[in-house]
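What follows is a set of notes on a single structure, which appears directly below.
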Amino acid sequence: MGNCLKSPTSDDISLLHESQSDRASFGEGTEPDQEPPPPYQEQVPVPIYHPTPSQTRLATQLTEEEQIRIAQRIGLIQHLPKGVYDPGRDGSEKKIRECVICMMDFVYGDPIRFLPCMHIYHLDCIDDWLMRSFTCPSCMEPVDAALLSSYETN
């Protein structure tokens, strides 16, 4: 909070005169010598992976075996069906649904992913979850076992 009381030295006119004299000492509105800002350099972010839930490492620090395991997970995740959230046209589904990972309500048109146990989540939320743990966050059913068994029955 500032001081509300006027003092004889802090009136608007004296402040105006001080700022004009300051500008004159720098050469009429020019700034003192400054270097130009450095050129913009875009840094490409290095992906961060979680080989196990308790470990976080940059992609460049992973062993070949860990890179293969992550590539396999990404391949399995891409085989899970995805869609767009549509609460239903007839209004029969009146309860509010939310993604249990981010705790945000689903909005019409949100990209979602379906797990074999029929739970749905925001696409980005569940993909990130499955990179850490390949189980459903709601029922803890292993996603890879259900996914692999669906290929065996066909």
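From the backbone N, Cα and C atoms, a Cβ is placed for every residue, glycine too.
According to Swiss-Prot, the features are:
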- 1-52: region 'Disordered' (REGION)
- 1-12: compositional bias 'Polar residues' (COMPBIAS)
- Gly2: N-myristoyl glycine (LIPID)
- Cys4: S-palmitoyl cysteine (LIPID)
- Ser14: phosphoserine (MOD_RES)
- Ser25: phosphoserine (MOD_RES)
- 37-40: motif 'PPxY motif' (MOTIF)
- 99-140: zinc finger (ZN_FING)
- Thr135: phosphothreonine (MOD_RES)
For Thr135 (phosphothreonine), the number of other Cβ atoms found within 10 Å of its own Cβ:
17
How do the residues of the zinc finger (99-140) split into helix, strand and coil according to DSSP?
10 helix, 9 strand, 23 coil
Within the motif 'PPxY motif' (37-40), count helix residues (DSSP H, G, I), strand residues (E, B) and coil residues, in that order.
0 helix, 0 strand, 4 coil
In the predicted model, what is the mean pLDDT computed over the motif 'PPxY motif' (37-40)?
73
